[in-house]
Ligand SMILES: Nc1nc2c(c(=O)[nH]1)N[C@H]1C(S)=C(S)[C@@H](COP(=O)(O)O)O[C@H]1N2
Ligand SMILES: [Mo]
């Protein structure tokens, strides 16, 4: 640390102080809960406040890494701000301290205003302000001077602060995590056999072509889309579901209660409204759960209710059209996927699923509360942000093979992919080459109208650049429209296309 009395030195002191502040915040958040960490809650607020185009951009550009990218971005902004605060403080300590106070105040505000926030959630940020100001003061006064402390004193203080920051942050984060409890709770669950197993999958339901999406998505590959920076953590033992609002008999249910009910198992494809044409946010699993409509009938839904609002363990809400849930389709309160308890990222211990609706209006993960109400009275999270309140899945199809810009050897070329229109089913898939005539593709045997189907074809192509396009018709015979639209506000439309070079 050669120039500790220079501006660069002061900037470094600012950054070290911010480190001490954050380390302290993470330690305190071990007591007040992971969502009260200023980093996590500012990230959460950024997600909640982000305009639709930015969210779309983040999901399509960074995919599963959208959250680490967001947290990294926040850290970069923080480091720059802290460096400036250090330089300012070297001239006028009070002004630098006020800057630290301001960042801390943003953290406190973000933590308190989370959906399940309480005044106590400000504590990590307040402690961070104190620790940051103290570290700033200590480091500035220990800078080497002719008549004051030597270089060694400063070096030791600086290294000590850095070590405290890293250690505090790490230990705090470890203490915040209850993943060990969750893992234990998950592995202790013995899923009961369904009273109504899923129908056997007919032969020909999976073409098993290399590179083609498999019919069943292995749990580790199941897509994940949500607003949670920290996965809401609750054990099956702690879980309770309250069903209330416009019902005759409010219900409260434990996980054991749910497991003791006659459960059914169904293959269901889930997809995300934010999926771009050709995008990856669609997966299929064999779900184990209890029919949601039956549970609601047990509670006695009152006339006039038209919306089912699910709230997750962190207070996030999803609004589902009630008539869709009650129309005879097999909406589930699911506890199992592909023979295992739900993965934490996919909603452990209990989530909702409604075949035919996008996840954002139907698939509440970490579900703890169901309220019967009306669309007039309540706007859930996504509806508040302008997304369509119903969320009917649009017919979609995708080319998986060949990959975009692949070099394929001349000779017969296999084209293949998947198509979905949950609950209406897929009745036909067509493809065309270089804008030519539409040709029929072979489609895999249907497992259920609630699941996707694969499609395939083999073609002979001349050498050179070629473009494949695909379109599907749903069970009503309606073809996907050509017009390209963005996901907002009711799902992307348009035909997926892939360009390849035949060599
Ligand atoms: N609690 C909660 N549930 C949620 C969400 C969320 O942000 N929070 N996102 C929804 C969206 S937009 C989708 S597409 C599905 C995705 O479910 P998956 O992550 O298990 O694939 O979950 C839905 N359920
Ligand atoms: Mo979604």
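Note: Cβ is positioned from N, Cα and C throughout, glycine not excepted.
Features as listed in TrEMBL:
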type	residues	note
DOMAIN	230-381	domain 'Oxidoreductase molybdopterin-binding'
TRANSMEM	69-88	transmembrane segment
TRANSMEM	93-111	transmembrane segment
TRANSMEM	123-141	transmembrane segment
TRANSMEM	153-175	transmembrane segment
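Through the fold, the transmembrane segment (123-141) approaches residues 10, 13-14, 16-18, 20-29, 31-32, 36-38, 85-86, 89-90, 93, 96-97, 100-101, 104-105, 107-108, 111, 149, 154, 157-158, 161 of its own chain, all at least 6 residues removed from its boundaries and within a Cβ separation under 8 Å. For the domain 'Oxidoreductase molybdopterin-binding' (230-381), the model's pLDDT averages out at 97. Using a Cβ-Cβ cut-off under 8 Å and counting only residues 6 or more beyond its ends in the same chain, the transmembrane segment (153-175) has close neighbours at 1, 4, 12-13, 16-17, 19-20, 22-30, 37, 135, 138-139, 142-144.
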